[in-house]
Amino acid sequence: MRESVVGFIDDNALSHGAAMAFYAATSLAPILLIVVAIAGLVFGHDAAQLALSAQISGLMGPESADLLKTALESASGRLYGTWAAIIGLVTLLVAASGVFGEMQQSLNTIWKIEPQGNSLSRLVRARAASLGLVAALGFLLLVSLIASAAISALGAFINAHLPFGTIILSGINGVVSFALIAVMFAAIYKVLPDRTLEWRDVAIGAVGTAALFTLGKSLIGWYIGTSAIASSYGAAGGLLVILLWVYYSSEIFLLGAEFTRAYSVRHGSRSDLKRLVHSPLPAQHDSFRAGQKSNSAGVVVLVAVACASATLTALLRSVRRP
């Protein structure tokens, strides 16, 4: 843990977190619109948006939830005509991937990774991975809705046949929510850095980050609820709450990344990670990483293209609905 804190300070994580919070503030509405569109393919647009609004309200408060709901309705209702929809969707996808680009740069800084390849190829890889992760968020919301529906269906049976049924259901909901958050962090730690990592290397860090995130969201929710910060700033209160919440989440994310790196260096699946303790990877050792990354890059791009295609289809249905 000491190495994680030292790395957090040395890598200027506070500044990176502030940059991520700014990009997230401009990317949040496009990301949520894509997430709702993907989940809406199964449960319907209104049901997906209602579930997402309930989650946001629980995390950030009703003011922020109303602000994001208005932004979603504005973004999804302003595109008319085929060409307008296509141009708007391209802009939407680029904006949605902006925060993931900043996250990738922050993770590369933590892993002491030097940029490889030309600027265009790095941009294409970064955007492809980012769009794949945005689509994955929609899939996680879909899984969350399915799990919630299954738990609700079992609720009557559990309450009728088991004592303390309400407590058991709350525990199941908490475990499912924690697992989904851990999977999300693990996917980001695995995909975004320009370094091939094993799932077992990122799993421990993802679980630790999910634990900090779960604890912290309760604390920041308590702070927001008791400080009346939203009402103090009037119309800008909802936006300020979003910025504060995203900034805190960004710092937890970066601290978890530092812990993941420290764990990988000490107990990782490959001994070559130990060379990263005090210095970046030398140029003469880049061939191993390049060979590993070239194999996975094609898979990432193909998956991202498939996810982007499904996302485009979902968004076209969403923005052109009557």
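Glycine is no exception: its Cβ is also placed from the backbone N, Cα and C atoms.
According to TrEMBL, the transmembrane segment annotation covers 21-43 (among others).
TrEMBL lists 80-100 (among others) with the feature transmembrane segment.
The transmembrane segment annotation in TrEMBL covers 131-158 (among others).
What TrEMBL records for 164-189 (among others) is transmembrane segment. A Cβ distance under 8 Å defines the sequence-distant neighbours of the transmembrane segment (164-189), meaning residues of its chain 6+ beyond its ends; these are 100, 103, 107, 133, 136-137, 140, 143-144, 147-148, 151, 155, 158, 197, 199, 202-203, 205-207, 209-211, 213-214, 253, 256-257, 260.
Among the features that TrEMBL reports, transmembrane segment is placed at 201-224 (among others).
The transmembrane segment annotation in TrEMBL covers 230-248 (among others).
The annotation transmembrane segment is assigned in TrEMBL to 297-316 (among others).
Within the chain carrying the transmembrane segment (201-224), a Cβ under 8 angstroms from the stretch's Cβ atoms is held by residues 58-61, 177-178, 181-183, 185-186, 189-190, 230, 241, 244-245, 248-249, 252-253, 255-257, 259-261, 263-264, 268-269, 273, all 6 or more beyond its ends.
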